[in-house]
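Annotated in TrEMBL:
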DOMAIN    43-294  domain 'G-protein coupled receptors family 1 profile'
TRANSMEM  25-49  transmembrane segment
TRANSMEM  61-80  transmembrane segment
TRANSMEM  100-122  transmembrane segment
TRANSMEM  143-165  transmembrane segment
TRANSMEM  199-223  transmembrane segment
TRANSMEM  235-255  transmembrane segment
């Protein structure tokens, strides 16, 4: 950061408005977000604990689901606690560094989740199209390497973006009309041309979403072709059922993300509070739904959670005695 800009931002703090125009209703609005966050923490923690303790779930697919749970927990914790502070305590101030750290976590773990979803589609492709080689292609170490590669890719692509954004001078109003440090809302406060950072973020987003979605679509195209060649209707349904939850999570992630992004870029005549609420729900609802989707759709995780709950209930009874 340049010396001039450093002096400009040393004491700079931004102010989050929460939901513009609905400040009087913040206490009521906070209720669903608080509930969603509690369910996110409980649901994803239960998935992680179940996979950790049940040795029958020590397989690549469940490792990838565990990675999604870690991503969802990190993602939500980077946003929701501060959001609730705005709603409950009117604690609207967020420091310059803290704002960009929050933005870094949002962008990075969005990219990481896209990479993990791509890895999961590859996992399903190998499991269905080349099942005899599944255990040799997707070993535990290779699964962990794919997760670390997704993390490195996300952090590596977002670090230059954060450098570009933090080096912009912010000398306009400090007020961010949002519940968190939303990228475009922050950039609008810069008093210099942000075209370089805008171009970089557009290229990165296009490459990430474009490349990952193309490969995911290709993987499921190959899976569908293989499934249609099966002669048994029961075998077809069984093969497709293993992919149902993954496809639902993919659609939730990409469609929800694109909808939120376009509503921030183009208002389409919507009121500001509607745009903000859509962005808030995109950051909070999918992390809550993901463990529910996998817990309901994947029988092994469902059975593992019930087994864990029975063990915890038995432990509580024995301690009470």
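Just so you know, glycine gets a Cβ as well, placed from its N, Cα and C.
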Chain residues outside the transmembrane segment (143-165) and at least six past its termini with a C-beta under 8 angstroms from it: 60, 63-64, 67, 100, 103-104, 107-112, 114-116, 118-119, 122-123, 186-187, 194, 196-197, 200-201, 204, 208
Touch test for the transmembrane segment (235-255) and the transmembrane segment (100-122), at least 3 Cβ pairs under 8 Å: yes
Long-range environment of the transmembrane segment (25-49) - Cβ separation under 8 angstroms, sequence gap at least 6: 18-19, 65-66, 69-70, 72-73, 76, 80-81, 83-84, 86-88, 90, 280, 284-285, 287-288, 290-292, 294-295, 301, 305, 308
Within the predicted model, mean pLDDT of the domain 'G-protein coupled receptors family 1 profile' (43-294): 87
